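Let me begin by presenting the structure, written as structure tokens, before commenting on it.
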Amino acid sequence: MNSMTSAVPVANSVLVVAPHNGYPVTPGIMSHVPLYPNSQPQVHLVPGNPPSLVSNVNGQPVQKALKEGKTLGAIQIIIGLAHIGLGSIMATVLVGEYLSISFYGGFPFWGGLWFIISGSLSVAAENQPYSYCLLSGSLGLNIVSAICSAVGVILFITDLSIPHPYAYPDYYPYAWGVNPGMAISGVLLVFCLLEFGIACASSHFGCQLVCCQSSNVSVIYPNIYAANPVITPEPVTSPPSYSSEIQANK
């Protein structure tokens, strides 16, 4: 092959020039093999990229976002467990003439389950920060948790707004569960408001991590090592001819 063979650089690759005539070439060292007329250097694409050629990601903001996401995820797990626990207690006060739309819809249980799952993924994302699927799943579930908490806020406000004719157990002893039920709904309302803020903050940090990871493209500056440099020979003066020497002697 007499013509120069070129390879288009792709991601995770290094360009190295190798001689056509088979002389060994050490990367980074200039070869002193002379260039022959019919032997031109070839460009080969060698897989792999040196560590010094990869652009590093700003690790400090990423680690900060991961730690904050882990803390918020732990709080989400606690809120989810509180929803399930208080929902179980609410089941005991329904016999006391307390009407709870949120309980009949099952929100304290499936809402708390969503909060626990999203919080668990936020904690797991801190342990595996380079897992794109885990970060994306955590982001999606945090968005779902934010929507669920907004629905919970509406349901618990509705529970507290429903007029209960038997709100005075002194006059209606069989309506003892109204006041405890309203207290539980009020506590769950506060937890839903807290969960909404945490889920929105976790979604914000998750968007930052996903965007940072998707934009983390390795920038490679290919180095071309000259295998057979072209050396221009210095002009050499030709020796005097025999006839010129005879004339000089005369």
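Think of each number as a place in line: the chain as shown, counted from 1.
Here the Cβ of each residue, glycine as well, is placed from N, Cα and C on the backbone.
Over in Swiss-Prot, the protein carries these features:
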- 1-74: topological domain 'Cytoplasmic' (TOPO_DOM)
- 75-95: transmembrane segment (TRANSMEM)
- 99-119: transmembrane segment (TRANSMEM)
- 120-136: topological domain 'Cytoplasmic' (TOPO_DOM)
- 137-157: transmembrane segment (TRANSMEM)
- 158-180: topological domain 'Extracellular' (TOPO_DOM)
- 181-201: transmembrane segment (TRANSMEM)
- 202-250: topological domain 'Cytoplasmic' (TOPO_DOM)
If you run through the topological domain 'Cytoplasmic' (120-136) with DSSP, how many residues end up as helix, strand and coil? 13 helix, 0 strand, 4 coil
Could you pull out which residues elsewhere in the chain have a CB under 8 Å from any CB of the transmembrane segment (75-95), counting only those six or more residues past its ends? 103, 107-109, 111-116, 118-120, 122-123, 145, 177, 180-181, 184-185, 187-188, 191, 194-195, 198-199, 202
